[in-house]
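Copied over from Swiss-Prot, here are the features:
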{"type": "BINDING", "residues": "LYS267, LYS487", "note": "substrate binding site"}
{"type": "BINDING", "residues": "ASP400, ASP402", "note": "Mg(2+) 4 binding site"}
{"type": "BINDING", "residues": "ASP619, ASP623", "note": "Mg(2+) 1 binding site"}
{"type": "BINDING", "residues": "ASP619, ASP623", "note": "Mg(2+) 2 binding site"}
{"type": "BINDING", "residues": "ASN763, THR767, GLU771", "note": "Mg(2+) 3 binding site"}
{"type": "MOTIF", "residues": "400-403", "note": "motif 'DXDD motif'"}
{"type": "MOTIF", "residues": "619-623", "note": "motif 'DDXXD motif'"}
{"type": "TRANSIT", "residues": "1-68", "note": "transit peptide"}
Amino acid sequence: MALLSSSLSSQIPTGSHPLTHTQCIPHFSTTINAGISAGKPRSFYLRWGKGSNKIIACVGEGTTSLPYQSAEKTDSLSAPTLVKREFPPGFWKDHVIDSLTSSHKVSAAEEKRMETLISEIKNIFRSMGYGETNPSAYDTAWVARIPAVDGSEHPEFPETLEWILQNQLKDGSWGEGFYFLAYDRILATLACIITLTLWRTGETQIRKGIEFFKTQAGKIEDEADSHRPSGFEIVFPAMLKEAKVLGLDLPYELPFIKQIIEKREAKLERLPTNILYALPTTLLYSLEGLQEIVDWEKIIKLQSKDGSFLTSPASTAAVFMRTGNKKCLEFLNFVLKKFGNHVPCHYPLDLFERLWAVDTVERLGIDHHFKEEIKDALDYVYSHWDERGIGWARENPIPDIDDTAMGLRILRLHGYNVSSDVLKTFRDENGEFFCFLGQTQRGVTDMLNVNRCSHVAFPGETIMQEAKLCTERYLRNALEDVGAFDKWALKKNIRGEVEYALKYPWHRSMPRLEARSYIEHYGPNDVWLGKTMYMMPYISNLKYLELAKLDFNHVQSLHQKELRDLRRWWKSSGLSELKFTRERVTEIYFSAASFIFEPEFATCRDVYTKISIFTVILDDLYDAHGTLDNLELFSEGVKRWDLSLVDRMPQDMKICFTVLYNTVNEIAVEGRKRQGRDVLGYIRNVLEILLAAHTKEAEWSAARYVPSFDEYIENASVSISLGTLVLISVLFTGEILTDDVLSKIGRGSRFLQLMGLTGRLVNDTKTYEAERGQGEVASAVQCYMKEHPEISEEEALKHVYTVMENALDELNREFVNNRDVPDSCRRLVFETARIMQLFYMEGDGLTLSHEMEIKEHVKNCLFQPVA
């Protein structure tokens, strides 16, 4: 550093002040000019020891500055250390980008394949009825048992008996051939053996089935309890008892069989018989295993409107054989009319299918192709929404937390009026959440869906906060248990899904990053566990995955071209000559491409990136580089929109102002084409408001003034620049925006205020220490501590986080309820708030992106294609 003569220290007042060439050192400007005239300094900062007014150093252009990350910290709010900031160089140099950029271009054949897949997936949505699923050998065996209603010695549904005879697997078992789950195979095989024995047919199949049972039953001991199908401990022992009566040669003395029988007896002992008939419970799903204790006249009162018992063909068949109830028979005929010669493990599955299909295409990032289809699916679900919750089917009398939480989250985000009070149905007296009313069963997938749901909370929804805490605890414990499995599904990578959800909850999960992650985790052959293993082809299939990969790579190739163009603009415009600011073109472009990624928003991404680049430059200019005189001149130039004023500006300001002037004029020309009216005055006004906020902060800094918390927030929510960025970019979202629409997202709107507030607060929580070390006196933490000198810094930081979390809940509500604002405009505001949460989740993810995970996000989003 260039040292000043200590004899001059007496001329400097006590305190800590930023000094400028013309304003703050008039008494010895000649001396300074003589020493550093070659450097043409424009900004100086004094540093002196604690409790002393002795000048130690003057830092200006041409002198050595402290690196950004090595800036001194001070314990005092009244006498911070001021140093000139020096930012780390940008990581994304051209050679780095070139080394990562894929040479693959989307071919005409791939584009044609995308069109075909889009058409086929649209047909999937349009053909959704009561649910598509695979055969259940177990349930089909129970339906095949039903004797002819005309009294003849034949099955009522002979086609189901024939299906059993024709669909035994090579190993002698029945069930899904591509996936072996011992519980499922043993249960289905036992059911088929008994049915064939009752009808005295299929001797060969019976023999092979018994052999399979004997050799494979012991494998159940090696499988996790969580893989035990629903109701297994009820129906399996009951069928074993029946098999023994029929004289079937089975290993009844196996240890696991004895254990299952003991579990059944213990469960039935705990079951008050009055509960069975008082209200619908999950026991209705397994009545075929409770035949010796059921009062059939009473149980009929709990029959669903569609004639089934909890949509289970097996349970309904058992009730029909005991009662002859016509509605049971009508239900079974209805199911067989759909599937022909077999039945699934439960049916219908209409709500489950629609919700999970929508969730799947959204998480894979291909939902922008299916907006109408998604709306139709959600309209259907909402028409069957119930304040007590929903189950997997519209006629299902028992709601479950899995379908309810999924429905609450998706419906809310799509603007449907649904209350979080619905989750109270699934909370016990200890505050824990469970899947079904009156039970304690929980699984990873249902708790994951509740957790995802809890993040779309509105202000004051304590049930959502409770759900978040409960499920986070459960899911973190599940991750620690390496042997943990989900109770309701066998998914490709449920662990990866949980890890992503916990690390990147809703407010920092950007669409492109979630798509990239879910493409890796998604299983096109995932199966679910009910009473038997079942598949949902409209939820898990290769078409979704194939389109997701093609679409991701196609969009990524477009983004790479746009980024190259922007980097060329950065250099050719002269902005690359500015040394006082951060070069973060790639990171800034990523912030846009991470959410407004669709091809039709290319201009919006371009404008968003350029305006964001300018907001960073202006922040650095007003924050530490420019003198108050020059900043005032710059602001006046923007206000008058007068290029002639650049002659009075320093060289770096000339570059900054000239490029801003030219770029904004170009944007305004394009904006006029898009909006059908002149928008230059509108854009200039947006910029003026930003510069006024920056100027106020520069004046605070010069005066060493620490404002009140509220005063700080009011100004800093503007100076964070997000409003400027959004209010200009929104002109290019493909919508003609009236003054009324603009007012709903304008400076006076709560929506925009919350975006600025949450962005400012998350920024401050991660940067206030470093900025305090550079001499900044105003941050949310410091201002709150000034008002509350009795609290610690940790307590102040906790308060700021609380304010931010509450504001994020309110932001959710504004995003969902602002239906008068076009979706693309609402997205722009909301996603800009979310990208701030992502960038500052670890620290200053813009300035220090090369040290943080942002670097990997940029790489995955913009450069690494999916295979």
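Glycine is no exception: its Cβ is also placed from the backbone N, Cα and C atoms.
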Secondary structure content of the motif 'DXDD motif' (400-403), with strand meaning DSSP E or B: 3 helix, 1 strand, 0 coil
Local Cβ density at ASP400 (Mg(2+) 4 binding site) - other Cβ atoms counted within 10 Å: 25
Between ASP402 (Mg(2+) 4 binding site) and GLU771 (Mg(2+) 3 binding site): CA-CA distance (Å): 45
Fewest Cβ neighbours within 10 Å, where candidates are the binding-site residues LYS267, LYS487: LYS267
Overall pLDDT for the motif 'DXDD motif' (400-403), taken as the rounded mean: 97
Cα-Cα distance linking ASP623 (Mg(2+) 1 binding site) and ASP402 (Mg(2+) 4 binding site), given in Å to the nearest integer: 49
Residues of the parent chain within Cβ reach of the motif 'DXDD motif' (400-403), under 8 Å, 6 or more residues beyond its termini: 351-352, 355, 389-392, 423, 425-426, 433-436, 443, 445-446, 449-450, 488
Binding-site residues listed as ASP402, ASP623, least Cβ neighbours within 10 Å: ASP623
Mg(2+) 3 site, defined by ASN763, THR767, GLU771: further same-chain residues with Cβ within 8 Å of the Cβ centre: ASP764, LYS766, TYR768, ALA770, GLU776, SER779, ASP844
For the binding-site residues ASN763, THR767, the one whose C-beta sees the most other C-beta atoms within 10 angstroms: ASN763
